[in-house]
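**Student:** Here it is, the structure in full.
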Amino acid sequence: MRIGILALQGAVREHQRMVEACGQEAVAIKRVDELTHIDGLILPGGESTTMRRLMDRYGFTEALRESALPMFGTCAGVILLAERVIGQEEGHLGKLDVTVERNSFGRQVDSFEAELDVRGLEEKALAVFIRAPHIDATGEDVQVLSKVGEKIVAVRSDRHLGISFHPELTDSLLFHRYFIDMVKENMAKEVLA
Ligand code: GLN
């Protein structure tokens, strides 16, 4: 299995290290034509408006809107995946039927760590939040996986996983393993179809 990491901006190397620690091949994706060589794509954290500009410039916005690849967005990445972003007229890629709010944990707490309970997982996940968004509303086909207080911070649909935080800045491989399992399920479905 080959997992791509969108390598326009943000925490690319850290994700590569996590994917490799899960025993899979990690590929930094810099050109649209490289999307055909991978089975799943990680959209890293960074700054969503900057990433969107670079995605437009290099043709990724259109290619990813049309792509059926499983995708995993962390922090800025979940903002890119969301159908709706509070305060913006339109979402970026419109992959996950959720509404996100940017920088929503308050100015005083720019960053913090938390141990999260995650639906379907027995272990707690250590998570680092940096100027993190939260998920304000979810559509029917979206499952809530985790919350901090009342705020939703992890969700999934059939092929898309979105989280508000940075697992790649911890030693916890839980979410990367979770995504790799989603990619495996998707590959199995494609073989049957
Ligand atoms: N605040 C950033 C944004 O709105 C996301 C921060 C992050 O990815 N750590 O895009």
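Placement of Cβ uses the backbone N, Cα and C atoms for every residue, glycine included.
Note that TrEMBL annotation is computational and uncurated.
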**Student:** Could you look at Arg65, Arg102, Arg156, Arg159 and say which one TrEMBL places alongside Gly46, Glu47, Ser48, Ile130, Arg131 in the L-glutamine site?
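**Tutor:** TrEMBL names Arg102 for this L-glutamine site.
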**Student:** Give the sequence-ordered set of same-chain residues, not counting Gly46, Glu47, Ser48, Arg102, Ile130, Arg131, with Cβ within 8 Å of the centre of the Cβ atoms defining the L-glutamine site.
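**Tutor:** Neighbours within 8 Å of the Cβ centroid, excluding Gly46, Glu47, Ser48, Arg102, Ile130, Arg131: Gly45, Cys75, Ala76, Ile79, Asn103, Ala132, Pro133.
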**Student:** Excluding near sequence neighbours, so keeping only residues 6 or more apart in the same chain, what lies with its CB under 8 A of Cys75 (active site, nucleophile)?
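**Tutor:** In sequence order, Pro44, Gly45, Gly46, Phe129, Ile130, Ala132, Pro133, Ile163, Ser164, Phe165, His166 meet the Cβ cut-off.
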**Student:** Neighbour count, 10 Å Cβ-Cβ cut-off, for His166 (active site, charge relay system): what number do you get?
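**Tutor:** A count of 25.
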